[in-house]
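Asker: Mind having a look at this structure? Questions to follow.
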Amino acid sequence: MGKKQEKKTAKGRLDKFYWLAKEQGYRSRAAFKLVQLNKKFNFLEKARCCIDLCAAPGGWLQVASKFMPANSLIVGVDLVPIKPIPRTITFAEDINSYKCRDQLRQILKDWKADIVIHDGAPNVGTAWVQDAYAQSELTLQSLRLAVEFLTAGGTFVTKVFRSKDYNNLLWVFNQLFKKVEATKPSSSRNVSAEIFVVCQGYKNPARIDPKFLDPRHVFKELDPASLADQDQEAGVPLSLKGTSAGNAHANVFEPKKIRRNREGYADGDYTLFHSLDAMDFIKGQDVIGMLGSYNQISFESDESKKLLSLPDTNDEMRENCSDLKVLGKKDFRNLMNWRKEVRLALGIDLPKSKHQDLAEQTQTVEVEEMDEDDQIDDELARLNEEAARKARKERRRKNELRQKKILKMQLQMTTPMDIGMDVMDDQLGAGNGDMFEISSGERVSKKALIQQADVSDDESETIVSSQHTDDDDPETRARRLDAEMDALYDEFKQKQSERDAKFRAKQARLQDAKNDSWHGIKDDEENDEDDDEANLSDESEGGYDLVQRRKEQEETFDTDDEEDEEDERLEREATQHSKKRKRDLAAPTADSFEMDAKPPKRSLVHSLVSDADVSAQQSREASIWFDNPLFKDLELDEQDAQEALEDDQDDEDAWEEEQDDEDDAEESDSEVEGEQEVEDDDFEVVPQDQEEHAIPDEEWDLNGEDEEAGKQKRIKDHGLATAEAVALAQALVNRQITKEDLMDQGFSKHNFVDKDGLPTWFLDDEQKHYKANIPITKEAIQALRERQRALDARPIKKVAEAKARKKMRTLRRLEKAQKKAETINENEDISEKEKSNTINKLLAKSVKGAQKKKEVQLVVAKGVNRGLKGRPKGTKGRYKMVDPRMKKELRAFKRKAKRDGKKLGSSNSKPRVPKGYGPRN
């Protein structure tokens, strides 16, 4: 068989880069051109903003997205839509339109592009000269768009076709960029005339002449006739036109710059040495052209010899005239000055006198008188010009400010100017000497409370008396600020409880008096006093509120100053009263609801919130209040119990999640010890003697027993779940530590830290994060990992069920075969040999039924297998040779059988009979 020919179309485009692009997922083979350019010049890794012009289908965008840093801005533009590419922004627009520029400005905002890449080409197919000019024009248009968005020092990469306009483009590139280099990557086909120009270091000029980027001026062809006229006017002979001497200015002022002669010599000019008579040099007009065109100034004529006798013609001038090609700038200037002096000496040029200069300066000019209309027109023109000048000046000033602002934003030097704007003047507490007053937050909360409920006269008097305290006393102000901070923190917790179920469940546990932290062993008298104080307080106060009330009661005051005691007493009463009022508003009773149902009283303060919103808010606050664990023991009817169960479902879920996430360390200690309960201070409360401190039955902590039993059951079912628990268990088992040692470790200096006078938010933060770290061992981590590996090695539920079903079916088949074997064995009509053979067949059939029947392998009879006799190469087991004809016939046979309603089988199948050979009717 002949070898399969590789597909080759479009001059071999299906090369290795084509297959590499398909393997790596690039949309075009042109992506490797940018990859190789970036490998050589390394411009993508340092860029943060990139613009791809003529980007379809998106190969260069994929490369830019791959090599540029993360969070870079990449924008692609093309006439046709581009399929989305990760980390890029694309849109379809013409790069010559103003709409394209506006859309780019909207996307870039204040950014400037670090790199602009262009790999576009126009529609070709006409004359080659026209296609080359269209490509050069497209490149110049992309450059015009690039200079608008490029930052200083940016890079511009473009594709250029080799043509006569290539040098003009390079000249423009060199004027705008510091470094311009043309290269042809290996991925570019050799038959293609494309080359790539990498322009680095954009100069960012202040202004660019529009003609500089206009194709009509950049690619303009010079007329040879006009060049000849210019050379004749300059005094350059035709014999020197086209030579290096023709560029006289370059030869005079840049003598080191060598210009090669690429156009040959003039007709009839067989020498390279040209001499100029001195008198012709003196009388000529184009001095620079003559100095750059000729090699020597001779004094051979009679008129020229007279010049040698002049005093200005010294030996230095004669030496300079002998060879003009070796002179420098200073020598050429000396020759030009010598020419001026000789022209004055010969009378060709007349010197200007002082009287002539004065006459020229004082020359009078007759001014015609202007009529009234002309004066009005001149005045209007002057005013318009002045207004235009002022407008230009203002526009220039705004542009400068805008440029400075953009520069600051690019350098990240901006300062947010709206700091403090959200605080109103009435909240700044003007007149009390402080710039920021925390009392403003309390005033806002009080205003909201006034809108929700009418405050009684005695309450308002208490609030006013608490506000008008002596601000001059720093201690009083500090205590007042602490009280205000606590009030704001309580308001924050209330709002957080409305939003977050986890936070609400956590606060419910903290409010529970049973979860109060241990503060040491006290005497019976102190305990009795604490019990009396607890009975006097609100029943809703839990362990955390007890801490707050104890902190307020244990404050030390100045007993010498009676006024301070009075102020502090009023302040405490105001704080307690405000807390009580908040609880009353948060937990509306039946009386309060009845009061709300009555017509509202007339007041000077009117709420802007509707009654529906107020009722919804009160219902939310009521639901939060009844979520307290104290209400869970109340007897409810069936409907109320069902509603309470639905409301508390979220809280229970949140409590379980938080307990699993945050209290792993505490659970580990309790899991190891069994009956040991580890709190934030990590030690166990040791019970006292039963005779001295007997606990009544009604005060026994049943919830604690349930919690411990639940922990023990969880440990028994699932084992230890944390590394700390495993480490402590290993230490106990290996006799490295005893239970008494663990109890002793629970007593530390942290258990008796004085927390009086500390703010509530600080105590909450300490309770959450201030915990003792339990050391873990490498063996504990290894044990947990081994356990996790064992759990991971177990099959999933579906696989296990499938294996169980397969095993069950096998057992059923064996059981069925065993019953048949017993029946055969009980039959006395057959011999033992026949019984044995029949039983063996039954067992083999039952086992064979469990095995999967091998499918017949189909081999297509084409290619190397066409006309093959014997087993095809590479096939094992049963096989069947098929061909397209057989496939079509089988499909037709099935279709016909389905139409006739027949079942496929050997009885229905009939042999094929050629047409014309069947039986005649």
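Just so it is clear, glycine is given a Cβ too, placed from its N, Cα and C backbone atoms.
Given the structure is predicted, the values throughout are model-derived calculations rather than measurements.
Pulled these from Swiss-Prot:
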| type | residues | note |
| --- | --- | --- |
| ACT_SITE | Lys159 | active site, proton acceptor |
| BINDING | Gly58, Trp60, Asp78, Asp94, Asp119 | S-adenosyl-L-methionine binding site |
| COILED | 367-414 | coiled coil |
| COILED | 796-835 | coiled coil |
| COMPBIAS | 491-522 | compositional bias 'Basic and acidic residues' |
| COMPBIAS | 523-542 | compositional bias 'Acidic residues' |
| COMPBIAS | 555-568 | compositional bias 'Acidic residues' |
| COMPBIAS | 635-684 | compositional bias 'Acidic residues' |
| COMPBIAS | 697-708 | compositional bias 'Acidic residues' |
| COMPBIAS | 814-823 | compositional bias 'Basic and acidic residues' |
| COMPBIAS | 868-879 | compositional bias 'Basic residues' |
| COMPBIAS | 880-892 | compositional bias 'Basic and acidic residues' |
| REGION | 448-476 | region 'Disordered' |
| REGION | 491-604 | region 'Disordered' |
| REGION | 635-713 | region 'Disordered' |
| REGION | 814-835 | region 'Disordered' |
| REGION | 866-921 | region 'Disordered' |
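I'm curious about the neighbourhood of these features; can you describe it?
Answerer: Taking a C-beta cut-off of under 8 Å and a sequence gap of six or more, Lys159 (active site, proton acceptor) has these contacts in its own chain: His118, Asp119, Gly120, Ala121, Thr139, Glu194, Ile195, Phe196, Val197.
Asp78 (S-adenosyl-L-methionine binding site) counts 21 other C-beta atoms within 10 Å of its own C-beta, drawing on all protein chains shown.
Here the compositional bias 'Basic and acidic residues' (814-823) has Cβ contacts under 8 Å with residues 839, 842-843, 845-846 of the same chain, all six or more residues outside its ends.
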Asker: Quick check on the binding-site residues Asp94, Asp119: which one has the highest count of other Cβ atoms within 10 Å of its Cβ?
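Answerer: That would be Asp119, with the most Cβ atoms nearby.
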Asker: Please give the S-adenosyl-L-methionine site's span as the largest CA-CA distance among Gly58, Trp60, Asp78, Asp94, Asp119, to the nearest whole angstrom.
Answerer: 18
Asker: Give the residue from the binding-site residues Gly58, Trp60 that has the most other Cβ atoms within 10 Å of its Cβ, counting over every protein chain displayed.
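Answerer: The residue with the most neighbouring Cβ atoms within 10 Å is Trp60.
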Asker: Going by DSSP assignments with H, G and I as helix and E and B as strand, what are the residue counts for the region 'Disordered' (814-835)?
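Answerer: Across the region 'Disordered' (814-835), the residues distribute as 17 helix, 0 strand, 5 coil.
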Asker: Which residue counts does DSSP yield for the compositional bias 'Basic residues' (868-879) in the helix, strand and coil classes, in that order?
Answerer: 0 helix, 1 strand, 11 coil
Asker: What three-state secondary structure does DSSP assign to Trp60 (S-adenosyl-L-methionine binding site)?
Answerer: helix
Asker: Indicate whether Asp78 (S-adenosyl-L-methionine binding site) is helix, strand or coil by DSSP.
Answerer: strand
